[in-house]
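**Student:** Sharing the features that TrEMBL gives for it:
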- A:28-94: domain 'DUF202' (DOMAIN)
- A:37-56: transmembrane segment (TRANSMEM)
- A:68-89: transmembrane segment (TRANSMEM)
- A:109-127: transmembrane segment (TRANSMEM)
């Protein structure tokens, strides 16, 4: 830890530009925002882990369907990760400017998406049985 | 009545970070073990290395946060957030590679 960088700032120029406007919010709000981001990332990791499991389940599901499902789950997980990052950034900016926080756009995507995926999986399993 | 909990907030946040980083490293190690071909192994090893680096960074940052809390200085760390997002996407790439 060098004495030249003030505690709390991460140093780099581009990170300063990323959170340019407003003032430093209450650290507790930043930490809560961070934990929400991490909870979304763990959700994304669960989806990706499902994709990995499907990719390796050669004995359970036949080839074309297995690959489509594995890539679909992995892509869904990557999408959730990207949206989680965007939401973290927008929330942090809103906190700095003391604005209203962005609405939860990610939750309906997840619930509709998972419900749809569950039905597709069920049909796929029944068809290929 | 004091509503602040200066001790618990950084601790909860640090625990959330270690849970997430451990999940990344664990998934990466599992993929290194199970990958049937070289590209999958290399990508999964990259996830494990990135997860280890992230864990080191978070350990340093958690000391920062503990000292920054009373003064009200910014606690956000965009670099850690971006590394985490990148590693999750890389792991998704590993899943796609393992499927073929």
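The first residue you see is number 1, and the count goes up from there.
Cβ coordinates are placed from backbone N, Cα and C, and glycine is handled just like the others.
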**Student:** Are there residues at least 6 beyond the ends of the transmembrane segment (A:37-56) whose Cβ is under 8 Å from a Cβ of it, and what are they?
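**Tutor:** Apart from its flanks, the transmembrane segment (A:37-56) reaches 66-67, 69-74, 76-78, 80-81, 83-85, 87-88, 106, 110.
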**Student:** Below 8 angstroms Cβ to Cβ, which residues of this chain, lying six or more residues outside the transmembrane segment (A:109-127), approach it?
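**Tutor:** Same-chain contacts beyond the ends: 43, 61, 65, 69, 72-73, 76, 80, 83.
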**Student:** Across the domain 'DUF202' (A:28-94), what are the DSSP residue counts per state (helix, strand, coil)?
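**Tutor:** With helix first, then strand, then coil, the domain 'DUF202' (A:28-94) has 61 helix, 0 strand, 6 coil.
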**Student:** Quick one: mean pLDDT on the domain 'DUF202' (A:28-94)?
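**Tutor:** Average per-residue pLDDT within the domain 'DUF202' (A:28-94): 91.
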